[in-house]
Amino acid sequence: MSQTTIMDHPLIQHKIGIMRVKTTSTKEFRDLVAEVAMLICYEATRKLELSDIEIETPLVKTTVKEIAGKKLCIVPILRAGLHMADGILNLIPNAKVGHIGMYRNEETLEPVEYFCKLPHDAAEREIFVVDPMLATGGSAIAAISQLKARDITKIHFLCLIAAPEGVKALQAAHPDVDIFIGSLDECLNENGYILPGLGDAGDRIYGTK
Ligand code: PRP
Ligand code: URA
């Protein structure tokens, strides 16, 4: 049974609050994307399976835990997901990284895919799709459909800010995917932007526009 988790940790709320401020600098915004992604990832990896391995401490032999199976793969949705992936790699440096390039057509709000490159063994891995914004849900839904078309099944989706409309659409399209949300905002405006939101995540990360 998949779950939708809205993070209530004070650190996450505090950091997202700073990201929303329109005068927050590009550098600070970018750093915060990585930090909040790391904090959400801590929760999103809570249920990973562990297995026992034998090791030797400087004093004795003992059994410790390690993450079982074929390990993890982070899949940022370009552009804005890239800095979330960087943050998560601080926690899980051995994760593989796949990339899906997707942008919204500004008139129709429909996602347009322009790139997809995944590790060859992605189907054996636990996949964490990351994108700061879940607005209409079109980009996340299309990205996850791309993964499923390649026989990938163990998929989680992490975002910093979501609109209720996007959450509903993603849950309906991919009911098997766990969703982790830094902040659930109020609604979309007439241009498909999340309110109160933080504006265009890609533009704020890269200083474009
Ligand atoms: C933003 C964001 C998501 C998408 C969310 O990307 O990073 O990918 O919009 O909107 P949706 O849920 O309505 O699909 P954008 O299209 O601005 O591309 P960019 O990251 O290249 O700027
Ligand atoms: N994409 C963004 O970057 N921000 C929004 O509010 C909606 C879509």
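Cβ coordinates come from backbone N, Cα and C, glycine included.
Bear in mind that the values here come from a model prediction, so they are computed numbers and not experimental data.
Asp200 is the residue from Asp31, Asp200 that TrEMBL records in the 5-phospho-alpha-D-ribose 1-diphosphate site together with Arg79, Arg104, Asp131, Pro132, Met133, Leu134, Ala135, Thr136, Gly137, Gly138, Ser139. If you draw a 10 Å sphere around the CB of Asp200 (uracil binding site), it holds 15 other CB atoms from the protein chains shown.
For ligand 2, the nearby binding-site residues are Met133, Asp200; that is, of Arg79, Met133, Asp200, these have a C-beta under 6 Å from one of its atoms. Under the DSSP three-state reduction, Gly199 (uracil binding site) is assigned to coil, being neither helix nor strand.
Under the three-state DSSP scheme, Gly137 (5-phospho-alpha-D-ribose 1-diphosphate binding site) falls in the coil class. A gap of 6 Å separates the Cα atoms of Ala135 (5-phospho-alpha-D-ribose 1-diphosphate binding site) and Ile194 (uracil binding site).
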